[in-house]
There are 2 protein chains.
Amino acid sequence: MIDDITLEEERTLSSAVDPIALTRLLGQQEYADVASLLESLPLEDRSITWSEISQEHHLGILVEMRADPREALIDEMSLIELDALFKGMDAEDLVELSDSLPNRLIDRALSAMDDIQRHYYEGAQQYEDSLAGHWLGHHFLSLPQNAKVRDALRLLRRELPEYVDTLFLTSRTGGFRGAVKIGSVIGAPDHLLLAEIAEEDFTTINANDDATEASLKVQNSGYSALPVVNDNSTLLGRLDIGTASELVNDYYEGRLMATAGLDEDEDLFSPVKTAAKNRALWLGINLLTAFAAAWFIGLFEATLQQVVALAVLMPVVASMGGIAGSQTLTLVIRGLALGQVNEVNRWALVKKELQVGAFNGVIWAVVVGYIAGAWFDSFMIGFVISLAILVNIVTAALSGALIPIALKKLKLDPALSGSVVLTTVTDIVGFVAFLGLGALLLT
Amino acid sequence: MIDDITLEEERTLSSAVDPIALTRLLGQQEYADVASLLESLPLEDRSITWSEISQEHHLGILVEMRADPREALIDEMSLIELDALFKGMDAEDLVELSDSLPNRLIDRALSAMDDIQRHYYEGAQQYEDSLAGHWLGHHFLSLPQNAKVRDALRLLRRELPEYVDTLFLTSRTGGFRGAVKIGSVIGAPDHLLLAEIAEEDFTTINANDDATEASLKVQNSGYSALPVVNDNSTLLGRLDIGTASELVNDYYEGRLMATAGLDEDEDLFSPVKTAAKNRALWLGINLLTAFAAAWFIGLFEATLQQVVALAVLMPVVASMGGIAGSQTLTLVIRGLALGQVNEVNRWALVKKELQVGAFNGVIWAVVVGYIAGAWFDSFMIGFVISLAILVNIVTAALSGALIPIALKKLKLDPALSGSVVLTTVTDIVGFVAFLGLGALLLT
């Protein structure tokens, strides 16, 4: 066990891990850091290190890990180890881990829980993991709406959960009735009704709200947690800023990985076959679009044979369009994600991007035309590539703005599929414009 | 003023804004939402709406905005309006706004501040904005290390700042000596020394720590704020989870925008010339790499003229390499950002990615070779493209892993420049491998 590792035992640990640092992290329960450390280890080293970590830390670490590496560790655990894991587990832990557990193990974990936790877990499962209700926390303080300051102080004398800066007030039927800041309670006279010092219009989250949007709301609220209610205003739980920050970070990481067609849970050291499989779909889609572009080039075989400079310069046209388009695309995707692009302003945005495209198109058409004309010592080649660049950059700006808006309307993820669709458009338009103009003007 | 808008006055507002919703947001001081709303407006509408918002809300909204749109609004404000803005400003607000203010206005703002705030501001400016010390907060509770529970309770009876769940203990010279949870104070006997109920080994942040890493530390700590100290352990301030979350979100947004060579502060509706200028550098760099690739293609003009199928299929080879490489690149960049890729494991990672590349390379070589061979009814064309795809995907995997590691060593940002360098490599290797093999085997 790492906890009581001695210098002589160190050698059993993988060479990649500093056992002293690991012991310190475990001692301070810095499980997020331990999880990150484990993820950074090649598979074999990871198994060795995991087997050396004392069981009491397992749950805390697993909860912090990404799904793929976590699943790999869970797969290696024996039923006895798993049962030990399940013993200390509450509903929120199981919600976090359920992605990495087969159904039979989820049932086993549930049967080790008490009724309340099982009830909480089933409540969370009623909401998809994209909704706030799935990520409910149950460690909060609440009191009836007619409670007094002295009741609150009695409650506060117990151990406070993490991220508690308010007490929630509820009606007899469990409806959310308001929140009182802890700071207001401490100063107030014992007999005062809490309702009198409650915050006005305290922001709540609906369990059906989008989880990322709800999390941003928590981050912007200035409070450590916001109450989560259902459509009848019944208090179901809370979303605290720790959970909210994890959800927002996962969301952003997912966006970043999606730009390469990867999943947020991708393991740095997944087995070769798994990694290849994870990437195959994206490569396959790209192959289709590449062959589509090739097919369009093929229409101009005769032209290419006559003017081989066109073959040489072809990629320049496609690539300038691709880059200009991806700039617009990235800006619009961010706007969509932040809710800043909507029905009202989208035409203004398309118009502005078209203007930027026209402006950029003219400038780069001149630059590229001049260079290409000089290179091949032909005014007409310069003229043809100028026109093609202009057409392609303007098309790219238009596509970069319209594609993500259209994809979002079709309920597809613009961050994932936007760049493929855009590249297909800019490749094909670029090749056809350039080779088509070449066929007209150069042969 | 929106605050007391009536139905008749509504028409003066831009048509894109729902005045009732805006009034509600302003009333609840949901300034982040108002800031986002303003950013989503085309420039003219934005000015109109801004002029209708009561001055008391200006500071709160500006602090929440991105630098570019904020600067545009500040540029339009009169000196009288600015002076009103500066009146209510504390050091943290000015730190946030200083990006968008010319030096003479910063001086003007400073001269409107009291000595303490000015001192705080100058303290923050001693650290670059990538360091935790720049983002210090000063709204926290601290007591001498020999204070008792009753002293703490006296302090807590005043209005509590946001995100306070601990009291900091300091030595006589201002050294950080520990933190006491508010929950522990409320339960404890009046005469107890706070030092006796302080948390052991409370995590601190050094003012010279990277701001994003420090922010993640706050998010993972389970506390609402962590103390920030200098090298002598003097308590300088704190980093609260609200500020930390903003910094982390800005960081992620910066990563996403960097994939297209854009800045996190880019305005959705920046003026056309500004937008075109912001994008010019990236397009220019891309043009250089595109011409480099074209130059390599030009070496094979004779071959292209003889076997025009090579010109048709060329983009397929380059694009498969580009996609495979960007998958590795994205995974490695994430690993580097999370600190999961380091001296110890990087060779293991390069080896794994090479294996994935070899595996994928063989599979896609066969697929592409078969299709291309059938299309042009030539075994040799299929064979040549197979080999080229294999070479390019393996090179792409190797480059995708090594390029970001090398860029990081050179203190360049892999998220920004990684994809350009990678595309250059996969384009050139793809074209040279394909056309070179074609020249050898097909002519």
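In case you wondered, yes, glycine gets a Cβ from its N, Cα and C as well.
As the structure is a computational prediction, the values presented were derived from the model and not from experiment.
Features of the protein shown, as given by TrEMBL:
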DOMAIN    B:29-132  domain 'Magnesium transporter MgtE intracellular'
TRANSMEM  B:280-300  transmembrane segment
TRANSMEM  B:306-333  transmembrane segment
TRANSMEM  B:354-373  transmembrane segment
TRANSMEM  B:379-407  transmembrane segment
TRANSMEM  B:419-442  transmembrane segment
Taking B:306-333, B:354-373, B:379-407, B:419-442 as candidates, which has the most Cβ pairs under 8 Å with the transmembrane segment (B:280-300)? B:419-442
Looking at the domain 'Magnesium transporter MgtE intracellular' (B:29-132) alone, can you tell me the average pLDDT? 92
So how many of the residues in the domain 'Magnesium transporter MgtE intracellular' (B:29-132) end up helix, strand or coil by DSSP? 79 helix, 1 strand, 24 coil
Tertiary contacts of the transmembrane segment (B:306-333) (same chain, 6+ residues out, Cβ under 8 Å): 293, 297, 300, 341, 349, 353, 356-357, 360-361, 364, 368, 372, 376, 378, 381, 385, 388-389, 392-393, 395-397, 399-401, 403-405, 414-415, 418-419, 422-423, 425-427, 429-431, 433-435, 438, 442-443
